[in-house]
């Protein structure tokens, strides 16, 4: 009986392991990309939403598993709850999992007609994880932005019944890429100790803390103003969006502690989520096809 119960727990344990691989990217990758897809696509069925979510998570997990295989030492300091440093899975098992996920990712691409998106994404994650470009701060942000853009691109296509992006929909996804390319280093403030241990050269380590934080604040404020002007949300939504931006920036500017930076990064995720759902207002006004 105990053996049967133990076997019954394996699927739950495996799902928890997958969740722990992607947990830290839920605020800044999963939620924003799902939100923007729901906003940009025409109203869709629950079946398409589940299909898009699984495609989204399959692509995210493929990147995260390989990235965490290469970053065990770093994660043992900054994120000990992750599957590899906590011992839930061995490096060998994780490598096998990565290969299976990569294969399934391409099966999903063929099945959902998102081959172009998955091709761009595959090139991006390979050059990021295996090409050594993650060590170059500006390139790291750009590739991260391309990855986020691909999550939005592919998920939107699935939600929209296979239609390719065009017009304001394409503009919205390009805005997401631009936002993350210029502000994505917000995630690196919380990992300074681990990044320094691993020898990574992130923007928060290359620049002084005041310069790194105030430049992030300036860019984020500029995007906030620009997106409000572009998408023209109602006044109450504008106030809420600005409030999220100010809370995020106040956190980064008022404390340099990495624990506080983790909280500020969560607020950054909410601000990014807000940035991604603002195109709903052109849709409500009938400006999106």
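Cβ coordinates are placed from backbone N, Cα and C, and glycine is handled just like the others.
Given the ranges 14-34, 35-55, the record in Swiss-Prot names 35-55 as transmembrane segment. Check Swiss-Prot against the ranges 121-141, 142-162 and you find transmembrane segment recorded for 142-162. Taking Swiss-Prot as the reference, the stretch among 95-115, 200-220 described by the feature transmembrane segment is residues 95-115. Recorded stretches compared: 35-55, 95-115, 222-242, 262-282; the one with the most Cβ pairs under 8 Å to the transmembrane segment (165-185) is 262-282. Counting same-chain residues at least six beyond the ends of the transmembrane segment (262-282), those with a Cβ under 8 angstroms from any Cβ of the stretch are 27-28, 31-33, 35-36, 39-40, 152, 168-169, 172, 175-176, 179-180, 183, 186-187, 189-190, 220, 223-224, 227-228, 230-234, 237, 240-241, 244-245, 247-248, 251-252, 255, 288. Counting residues 6+ beyond its ends, the transmembrane segment (142-162) has Cβ neighbours under 8 Å at 28-30, 32-34, 36-38, 40-42, 44, 48-49, 51-53, 55-56, 59-60, 63, 109, 112-114, 117-118, 120-121, 124-125, 127-128, 133-134, 169, 173-174, 176-181, 184, 276 in the same chain.
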